[in-house]
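Residues or ranges marked as ATP binding site by TrEMBL: GLY14, GLY16, LYS17, THR18, THR19, ARG110. If you look up TrEMBL, you'll see 34-57 marked as region 'NMPbind'. TrEMBL lists 109-119 with the feature region 'LID'.
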Amino acid sequence: MRSKPNILFTGTPGTGKTTTSAAVAEAANLRHINIGELVKDKKLHDGWDDQLECYVINEDLVCDELEEIMEEGGNIVDHHGCDFFPERWFDRVVVLQTENSVLYDRLTKRGYSGAKLTNNIECEIFQVLLEEAKDSYPEDIVVAMKSDSIDDMNRNVTTITDWVRSWQPTA
């Protein structure tokens, strides 16, 4: 039984997952795991996708890598996808959402263009990641949070940190 909760932060690239999840991890004294960095550092991928300009994640390798530390608890996982992680790993799934024009500006500043930019904006418009989270986890642990501004981010960090502090393990 875990003494600290595990939280998944998900959402379209550019919604503030890494910034928000790192801030919550620091405030709540939890371990921050950025899946993109983990995949790159530990080579948990099947090569590079030239069209989408990213690594093709090997989901089995990622799950094998994380299994033991997820069982310990006290982790914040940060990734744009969520449907391949075991349901048992998470006590809360936070889906960050950003208004389309704000997201467009954030992604173009990152150098996104073409298919990569279009795919991510459409993903947000159609709430693909919120639906994926609701399909993959019990609905009562899935929380959508607005992430358009620094004020939103600060509010989200406070809300999730307060939730962590009041979390009790279930038997």
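Glycine residues also receive a Cβ, built from the backbone N, Cα and C atoms like all the rest.
Taking every pair among GLY14, GLY16, LYS17, THR18, THR19, ARG110, the residues listed as contacting ATP, the largest Cα to Cα separation comes to 15 Å.
The DSSP breakdown of the region 'NMPbind' (34-57), given as helix, strand and coil counts, is 8 helix, 10 strand, 6 coil. The binding-site residues LYS17, ARG110 differ in how many other CB atoms lie within 10 Å of their CB, and the one with the most is LYS17. Excluding GLY14, GLY16, LYS17, THR18, THR19, ARG110 themselves, the residues of that chain whose CB lies within 8 A of the CB mean position for the ATP site are, in sequence, PRO13, THR15, THR20, LEU96, ARG106. Computed over the region 'NMPbind' (34-57), the whole-number mean pLDDT of the model equals 94.
If you take the C-beta of GLY14 (ATP binding site) and look for same-chain residues 6 or more apart in sequence within under 8 angstroms, you find THR98, LEU103, ARG106, LEU107, ARG110, TYR112, ASN120. With a cut-off of 8 Å between CB atoms and residues at least 6 apart in sequence, the same chain places ASN34, ASP78 near THR18 (ATP binding site), listed in sequence order. Within 10 Å of the C-beta of THR19 (ATP binding site) there are 17 other C-beta atoms, taking all protein chains into account.
The residues of the region 'LID' (109-119), classed with DSSP into helix (H, G, I), strand (E, B) and coil, number 7 helix, 0 strand, 4 coil.
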